[in-house]
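These features come from Swiss-Prot:
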type     : residues : note
ACT_SITE : Cys143   : active site
ACT_SITE : Asp167   : active site
ACT_SITE : His199   : active site
Amino acid sequence: MDNVLARPADICCLKGSFHSGDATGSTIQIDGIDTYVAKPHPDKSNGNVLLFFPDAFGLHINSFLMMDAFAECGYLTLGVDYFLGDPVTKHSLTPLSDPNFDFESWKNKHLKASEDAAARWVKAVKAQYGSSEDVRFACVGYCWGARFVCQQLSADAPIFFSVPSTDKLFEPEQRSRTIEILTENNKQFNMQVFANVGHGFASRARLTDPYEKWAKEATFKSFVDWFDFWMEKK
(Lines of atoms letter the chains of each structure in order from A and count residues from 1; the text may use other names and numbers.)
(Lines give C-alpha, C1' and ligand atoms only; values in the text may rest on other atoms or scores of the structure.)
Protein backbone atom coordinates (compact mmCIF):
# COMPACT_ATOMS: atom_id res chain seq x y z
CA MET A 1 0.00 0.00 0.00
CA ASP A 2 1.31 3.46 -0.88
CA ASN A 3 1.21 5.58 2.27
CA VAL A 4 3.60 8.33 1.17
CA LEU A 5 4.92 8.76 -2.36
CA ALA A 6 7.01 11.91 -1.99
CA ARG A 7 10.30 11.62 -0.13
CA PRO A 8 11.14 13.69 2.98
CA ALA A 9 12.88 17.05 2.72
CA ASP A 10 16.48 16.99 1.52
CA ILE A 11 19.26 19.41 0.65
CA CYS A 12 17.41 20.44 -2.53
CA CYS A 13 14.94 22.24 -0.26
CA LEU A 14 17.66 24.80 0.43
CA LYS A 15 18.29 25.77 -3.20
CA GLY A 16 16.88 28.84 -4.89
CA SER A 17 16.89 32.61 -4.63
CA PHE A 18 15.50 35.24 -2.31
CA HIS A 19 13.28 37.80 -3.99
CA SER A 20 12.88 41.49 -3.26
CA GLY A 21 9.84 43.64 -2.71
CA ASP A 22 7.70 45.26 -0.05
CA ALA A 23 5.35 43.02 1.89
CA THR A 24 1.96 44.59 2.54
CA GLY A 25 0.46 42.13 5.00
CA SER A 26 0.72 41.90 8.77
CA THR A 27 1.60 39.27 11.35
CA ILE A 28 -0.82 38.11 14.03
CA GLN A 29 -1.02 35.10 16.31
CA ILE A 30 -3.54 32.31 15.88
CA ASP A 31 -3.54 29.84 18.76
CA GLY A 32 -0.11 31.16 19.72
CA ILE A 33 1.38 30.60 16.26
CA ASP A 34 2.71 33.49 14.17
CA THR A 35 0.53 33.95 11.11
CA TYR A 36 1.06 36.26 8.15
CA VAL A 37 -2.20 37.79 6.97
CA ALA A 38 -2.61 39.21 3.48
CA LYS A 39 -6.00 40.83 3.00
CA PRO A 40 -7.63 41.48 -0.36
CA HIS A 41 -9.02 44.88 -1.19
CA PRO A 42 -12.74 44.90 -0.30
CA ASP A 43 -13.61 45.48 -3.95
CA LYS A 44 -11.68 42.35 -4.96
CA SER A 45 -12.49 40.01 -2.08
CA ASN A 46 -14.24 36.77 -3.04
CA GLY A 47 -14.97 35.83 0.57
CA ASN A 48 -12.71 32.76 0.50
CA VAL A 49 -9.75 31.91 2.74
CA LEU A 50 -6.47 30.49 1.44
CA LEU A 51 -4.20 28.62 3.84
CA PHE A 52 -0.56 29.02 2.82
CA PHE A 53 2.00 26.38 3.87
CA PRO A 54 5.51 27.77 3.22
CA ASP A 55 8.77 26.13 2.23
CA ALA A 56 11.66 25.38 4.60
CA PHE A 57 12.55 29.07 4.75
CA GLY A 58 9.24 29.72 6.50
CA LEU A 59 7.62 33.12 6.60
CA HIS A 60 10.20 35.05 4.58
CA ILE A 61 10.02 37.63 1.80
CA ASN A 62 9.30 35.14 -1.01
CA SER A 63 6.33 33.79 0.92
CA PHE A 64 5.13 37.25 1.89
CA LEU A 65 5.13 38.42 -1.73
CA MET A 66 3.26 35.34 -2.94
CA MET A 67 0.67 35.67 -0.20
CA ASP A 68 0.20 39.32 -1.07
CA ALA A 69 -0.29 38.27 -4.69
CA PHE A 70 -2.94 35.70 -3.75
CA ALA A 71 -4.70 38.43 -1.77
CA GLU A 72 -4.62 40.65 -4.86
CA CYS A 73 -6.59 37.87 -6.56
CA GLY A 74 -9.32 38.07 -3.94
CA TYR A 75 -8.27 35.53 -1.30
CA LEU A 76 -7.80 36.28 2.37
CA THR A 77 -4.46 34.52 2.68
CA LEU A 78 -3.09 33.15 5.95
CA GLY A 79 0.47 31.81 6.19
CA VAL A 80 1.58 29.67 9.12
CA ASP A 81 4.90 29.65 10.95
CA TYR A 82 4.87 25.95 11.74
CA PHE A 83 8.58 26.16 12.57
CA LEU A 84 7.59 28.23 15.59
CA GLY A 85 10.24 30.88 15.10
CA ASP A 86 12.92 28.46 13.92
CA PRO A 87 12.93 28.45 10.08
CA VAL A 88 16.09 27.82 8.07
CA THR A 89 16.59 31.58 7.75
CA LYS A 90 17.05 31.89 11.51
CA HIS A 91 20.23 29.85 11.17
CA SER A 92 21.59 30.93 7.80
CA LEU A 93 20.74 32.89 4.67
CA THR A 94 23.19 30.71 2.73
CA PRO A 95 22.45 27.24 4.14
CA LEU A 96 23.92 25.35 1.18
CA SER A 97 27.38 26.79 1.76
CA ASP A 98 27.26 27.43 5.51
CA PRO A 99 29.37 24.82 7.36
CA ASN A 100 27.76 25.81 10.64
CA PHE A 101 24.24 24.89 9.54
CA ASP A 102 23.27 21.28 10.25
CA PHE A 103 20.32 20.65 7.94
CA GLU A 104 19.72 17.06 9.07
CA SER A 105 19.48 18.11 12.69
CA TRP A 106 17.14 20.97 11.81
CA LYS A 107 15.00 18.71 9.62
CA ASN A 108 14.67 16.00 12.25
CA LYS A 109 13.65 18.60 14.82
CA HIS A 110 10.82 19.91 12.66
CA LEU A 111 9.43 16.99 10.61
CA LYS A 112 6.93 15.89 13.25
CA ALA A 113 6.75 19.15 15.20
CA SER A 114 5.65 21.12 12.14
CA GLU A 115 2.87 18.59 11.49
CA ASP A 116 1.56 19.04 15.02
CA ALA A 117 1.75 22.84 14.74
CA ALA A 118 0.03 22.85 11.35
CA ALA A 119 -2.84 20.66 12.53
CA ARG A 120 -3.38 22.84 15.59
CA TRP A 121 -3.23 26.00 13.50
CA VAL A 122 -5.68 24.76 10.86
CA LYS A 123 -8.20 23.83 13.55
CA ALA A 124 -7.90 27.31 15.07
CA VAL A 125 -8.15 29.03 11.68
CA LYS A 126 -11.34 27.18 10.85
CA ALA A 127 -12.82 28.12 14.21
CA GLN A 128 -11.85 31.78 13.81
CA TYR A 129 -12.63 32.33 10.13
CA GLY A 130 -15.15 29.63 9.26
CA SER A 131 -18.18 30.75 11.25
CA SER A 132 -20.06 31.84 8.12
CA GLU A 133 -21.56 29.22 5.81
CA ASP A 134 -20.39 31.34 2.88
CA VAL A 135 -16.69 30.97 3.75
CA ARG A 136 -14.77 28.39 1.74
CA PHE A 137 -11.23 27.26 2.38
CA ALA A 138 -8.47 26.37 -0.07
CA CYS A 139 -4.84 25.55 0.66
CA VAL A 140 -1.52 25.81 -1.14
CA GLY A 141 1.85 24.39 -0.15
CA TYR A 142 5.38 24.82 -1.42
CA CYS A 143 8.27 22.37 -0.90
CA TRP A 144 8.11 21.53 2.83
CA GLY A 145 4.51 22.72 2.88
CA ALA A 146 3.16 20.52 0.08
CA ARG A 147 2.47 17.57 2.37
CA PHE A 148 0.30 19.71 4.60
CA VAL A 149 -2.03 20.31 1.67
CA CYS A 150 -2.45 16.55 1.36
CA GLN A 151 -2.95 16.16 5.11
CA GLN A 152 -5.46 18.99 5.48
CA LEU A 153 -7.32 18.75 2.17
CA SER A 154 -10.63 16.94 2.15
CA ALA A 155 -10.28 13.51 0.54
CA ASP A 156 -12.89 14.50 -2.03
CA ALA A 157 -11.51 17.96 -2.84
CA PRO A 158 -9.76 18.64 -6.18
CA ILE A 159 -5.97 18.85 -6.05
CA PHE A 160 -3.44 20.48 -8.38
CA PHE A 161 0.27 19.62 -8.69
CA SER A 162 2.95 21.78 -10.28
CA VAL A 163 6.26 19.94 -10.33
CA PRO A 164 9.67 19.85 -12.02
CA SER A 165 10.38 17.00 -14.43
CA THR A 166 13.49 16.11 -12.41
CA ASP A 167 13.00 16.06 -8.65
CA LYS A 168 14.64 13.52 -6.33
CA LEU A 169 11.81 14.02 -3.83
CA PHE A 170 9.05 13.28 -6.36
CA GLU A 171 10.52 11.27 -9.21
CA PRO A 172 8.72 10.23 -12.43
CA GLU A 173 7.80 6.82 -11.00
CA GLN A 174 6.22 8.48 -7.99
CA ARG A 175 4.38 10.98 -10.16
CA SER A 176 3.01 8.17 -12.32
CA ARG A 177 1.89 6.20 -9.28
CA THR A 178 0.20 9.30 -7.88
CA ILE A 179 -1.74 9.71 -11.12
CA GLU A 180 -2.70 6.02 -11.07
CA ILE A 181 -4.02 6.20 -7.51
CA LEU A 182 -6.01 9.37 -8.12
CA THR A 183 -7.43 7.98 -11.36
CA GLU A 184 -8.32 4.61 -9.82
CA ASN A 185 -10.21 6.42 -7.07
CA ASN A 186 -11.93 8.79 -9.50
CA LYS A 187 -10.46 11.90 -7.88
CA GLN A 188 -10.42 15.30 -9.55
CA PHE A 189 -6.83 16.44 -10.11
CA ASN A 190 -4.43 18.11 -12.49
CA MET A 191 -0.66 17.94 -12.75
CA GLN A 192 1.63 20.20 -14.75
CA VAL A 193 5.30 19.31 -15.18
CA PHE A 194 8.03 21.80 -16.03
CA ALA A 195 11.34 20.77 -17.59
CA ASN A 196 14.65 22.41 -16.69
CA VAL A 197 13.65 23.79 -13.31
CA GLY A 198 14.64 22.51 -9.89
CA HIS A 199 12.83 21.58 -6.72
CA GLY A 200 11.29 24.68 -5.16
CA PHE A 201 11.07 26.61 -8.43
CA ALA A 202 7.53 27.78 -7.68
CA SER A 203 8.66 29.73 -4.62
CA ARG A 204 12.40 30.27 -5.05
CA ALA A 205 12.98 30.63 -8.80
CA ARG A 206 15.88 32.73 -10.03
CA LEU A 207 13.98 35.71 -11.37
CA THR A 208 17.01 36.72 -13.44
CA ASP A 209 16.43 33.57 -15.52
CA PRO A 210 13.51 34.30 -17.90
CA TYR A 211 12.41 30.66 -18.10
CA GLU A 212 12.47 30.05 -14.35
CA LYS A 213 10.59 33.29 -13.80
CA TRP A 214 7.98 32.24 -16.37
CA ALA A 215 7.58 28.78 -14.78
CA LYS A 216 7.08 30.34 -11.35
CA GLU A 217 4.52 32.82 -12.66
CA ALA A 218 2.75 30.16 -14.73
CA THR A 219 2.42 28.01 -11.62
CA PHE A 220 0.96 30.88 -9.63
CA LYS A 221 -1.55 31.65 -12.38
CA SER A 222 -2.53 27.97 -12.61
CA PHE A 223 -3.12 27.81 -8.87
CA VAL A 224 -5.34 30.89 -8.92
CA ASP A 225 -7.29 29.63 -11.94
CA TRP A 226 -7.77 26.27 -10.21
CA PHE A 227 -8.99 27.87 -6.99
CA ASP A 228 -11.30 30.24 -8.84
CA PHE A 229 -12.88 27.43 -10.85
CA TRP A 230 -13.50 24.97 -8.04
CA MET A 231 -14.42 27.47 -5.36
CA GLU A 232 -17.00 28.96 -7.68
CA LYS A 233 -18.51 25.53 -8.42
CA LYS A 234 -19.23 24.66 -4.78
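Each Cβ is built from the backbone N, Cα and C atoms, and glycine gets one as well.
Distribution of Swiss-Prot features across the structure.
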| residue | record | DSSP class |
| --- | --- | --- |
| Cys143 | active site | helix |
| Asp167 | active site | coil |
| His199 | active site | coil |
How big is the gap, in Å, between the Cα of Asp167 (active site) and that of His199 (active site), rounded to a whole number? 6
With every protein chain in view, what's the tally of Cβ atoms within 10 Å of the Cβ of His199 (active site), excluding that atom itself? 23
Rounded to the nearest Å, what's the C-alpha distance separating His199 (active site) and Cys143 (active site)? Just drop the number here, would you? 7
How many neighbouring Cβ atoms, not counting its own, are there within 10 Å of the Cβ of Asp167 (active site)? 20
Run through the Cβ atoms and count how many others sit within 10 Å of the one on Cys143 (active site). 24
